[in-house]
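Below is one structure, written out as structure tokens, with a few remarks after it.
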Amino acid sequence: MKVVHLLVVMLALASSVAFAYDPSPLQDFCVAINDTKTGGIYGVFVNGKFCKDPKLANADDFFFRGLGPGDTGNPLGSKVTPVAVNEILGLNTLGISLARIDFAPKGLNPPHTHPRGTEILVVLEGTLYVGFVASNQNDNRLFTKVLNKGDVFVFPIGLIHFQQNVGYGNAVAIAALSSQNPGVITIANAVFGSKPPISDEVLAKAFQVDKNIIDYLQKQFWYNNS
């Protein structure tokens, strides 16, 4: 009986680990289908998406045209262009995606986190100051690096991180992420721009500042660059 209980516990642990990230596919592909009224549904619902009948899949399901420059004419001076499962339906169940990040001079991809994916970033042009902050258990240590063309940096899953163009010209980077839909939470937007807003009393206590400062911040327009 003890052996049975041990096996049950081990299976439960293995199951919890297996579903901590995108599940591994059990077929060649499972192309997502957004419009369930068009037919061709395979009858499988995976990762929040219905799967197209694999016999109806085609090359366009695995294709994205023109990952060109993003418009950096905004308050942050940056633009993130994602290529995830909503852009390439064939990414469903494959556990990977990417994004192009364009920076104007001094442009910033502000502190944010990806709750479902680790990010690995490569600089194509320019010079970036990048970093991430460890969790409380690691004393919120800040890890930073200045990256030049061809340099690569990793941001662990779930940790707050940022990138800023510190060069004199434009900068471009490509980020690969370990999820078909890694998600993004921009810290300032979430804290000061939530709908409905978080109580100013809560935020004033948390940040140890006067409520007037919180009220001012909550009245600002928090731009979303992705």
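Cβ coordinates come from backbone N, Cα and C, glycine included.
Within 10 Å of the C-beta of E119 (oxalate binding site) there are 23 other C-beta atoms, taking all protein chains into account. What TrEMBL records for N109, H114, E119 is oxalate binding site.
The Mn(2+) binding site annotation in TrEMBL covers H112, H114, E119, H161. The local packing around H114 (oxalate binding site), expressed as other Cβ atoms within 10 Å of its Cβ over all shown chains, amounts to 24.
Annotated disulfide bond per TrEMBL: C30-C51, in sequence order.
According to TrEMBL, the domain 'Cupin type-1' annotation covers 62-215.
Sequence annotations record features per position, and here TrEMBL assigns signal peptide to 1-20.
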Cβ neighbour count (within 10 Å, all chains shown) around C30 (disulfide bond): 25
Let's check the environment of N109 (oxalate binding site): how many other CB atoms sit within 10 Å of its CB? 27
Taking only the CA atoms, the spacing between H112 (Mn(2+) binding site) and E119 (oxalate binding site), expressed in whole angstrom, is 12
Integer Å value for the Cα distance linking N109 (oxalate binding site) with H161 (Mn(2+) binding site) is 9
For the recorded oxalate site, enumerate neighbouring residues of the same chain (Cβ within 8 Å of the Cβ centroid of N109, H114, E119, site residues themselves excluded), in sequence order. A99, H112, T113, L121, F155, H161, Q163, A175, L177, P182, V184
Spatially, and counting Cα to Cα, which of the recorded positions is closest to H114 (oxalate binding site)? Options: C30, C51, H161. H161
